[in-house]
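The domain 'ABC transmembrane type-1' annotation in TrEMBL covers 72-267, 340-521. Here TrEMBL flags 76-101, 249-270, 282-301, 344-367, 445-467, 473-493, 505-524 as transmembrane segment.
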Amino acid sequence: MLTSPRQDPAARSRLLLTLLALLLAWPTLRLAEFDLLGLFTGDNARTMGNFLAGFWPPAHDADFLAVLGRATLETLAIATLGMALAALIALPAALLATRVLSISALPRGGRPGRLPRLLRGLVRGVLIVLRSVPEIVWALLFVRAVGLGPTAGVLAIAITYGGMLGKVYAEIFESVDPRPARALLLQGASRLQAFVYGVLPNAAGEMISYSVYRWECAVRASVVMGFVGAGGLGQQVDLSLRMFAGGEVASLLLTFLVLVLLADVLSRLLRQVERGQGRGRGALTVLAMGAALVASASYLGTAFGELLSARALAQMGSFLADFLQPDFSLAQLSAVAHGALETLAMSALGTLLAGLLGILLALPAAGRLGLGALALARLLLNALRAVPELVWAALMVLAAGLGPNAGTLALALHTAGVLGRLFAEALENTPKAPAEAIRLAGGGALAAFLYGTLPAVWPQLLAYLLYRWENNIRMASILGFVGAGGLGQQLYFSLSLFQQAQAATVILGMLVLVLGVDLLSNWARQRWVVR
């Protein structure tokens, strides 16, 4: 028997993965109820066609434009005020979660004592929980606790982004030079003094830069939270969709597209100003953020003092107490398990479809098919990713009906816009020499791409795909709020019926699913991406 002296050590691993993917393909398609042709059946196509026909002309009467302006300002105010509260949560949490200011670590060569380590682990665990629950879930909980309106949206952003900022702030504190802070602590300075004079000067720039980026994300998030009654543009989109007012939906989507683009530009400008030379630039950024905060609080008129009153605290405490006794009955656990599998299938299939569509759009977007194709592809990618997943899901429910199929298509469309842009940037940075060598040797364009370009860029594409899967598992768990299946649909029904015990079980299922996918994605990155 002849054997090759050189064998591919990864061949067996690839074969096993291919077989596993084939085995999982059928149950994934079944769980996601995937049916692309269903979009073109008579009733669905007719309903969606009539709805889209109403998009032109977009609504532009004076009364609606006044409502649109108020909803836009409310969206910006929710994001700004929510981020301010998130920073108030994140900063003390980050100080507790970092080792830089640990007094017990000074005589131990940087190793803190047992009790500080336990406290640090507890704080980090709380931050994980805060950021693992999607903001729209927090918004729905706060709507049930404090009522409809922007207050619920502000609190939801504060909780979710507090967890995100706390994690990143702690990492920033630990990445700066610890010697100035430790020297101050050894001289008898308090932790606050050591932080202000030893840590903050070196960390402030990166903190402001990341906070501004997260504000841009909060603007996007504040839009979709309106679908559960938390104010802003999303609430108006939900109302217009329910009334099949296509012209209003078109105006709202155009407004959202402009708002997202302006937020992106403003975020980039603020980061550039902050990175500039001189102390005055950093002070200008802080001053601008302070002015926006005051204007947002004034516009919303949220009376946070009333939320801290005895009556309000008792009401929220009673509401939250019902969540401390989750329903672990066999029937509920079985329902949550099925919802989790449905959510997992939606996220996996949606991400895979997005990857395929993204790479098809990335080729012209990277300038490989001419300037005309480049402009058209980039315009399409911008449009796909500008519309949030929840809005896509609401539109797909109209087109394909209720169920996980609509959620899968929504994830695929939005994520294709995100991945297409990232893939295009990766292709632009890939050396062209190998592909050109294949063409000179007589190979076609497809062969040049498959053997000259794809091998060099594949690890980066896979990394992007895994990162988006982590994000999509979070989004797939909430698309059910508009009828797109999964755990979100179960949670929405449970809270609508005031079944807090069942809702608590669903939220725990979301946490387990999100953390499990994060671990699997990290393992896959270490196994196939990190070189």
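Placement of Cβ uses the backbone N, Cα and C atoms for every residue, glycine included.
Contact between the transmembrane segment (473-493) and the transmembrane segment (344-367) is supported: at least 3 Cβ pairs lie under 8 Å, counting only residues 6 or more apart in sequence. Residues 128-129, 132-134, 137, 323, 326-328, 332-333, 336-337, 339-340, 343-344, 347, 466-467, 469-470, 473-474, 477, 487, 490-491, 494 of the same chain lie 6 or more positions beyond the ends of the transmembrane segment (505-524) yet place their CB under 8 Å from a CB of it. Distant neighbours of the transmembrane segment (249-270): 54-56, 58-60, 64, 68, 72, 75-76, 212-213, 215-216, 219-220, 223, 233, 236-237, 240-241, 285, 288, 382-383, 386-388, 391; these residues of the same chain sit at least 6 beyond its ends, with a Cβ under 8 Å from one of its Cβ atoms.
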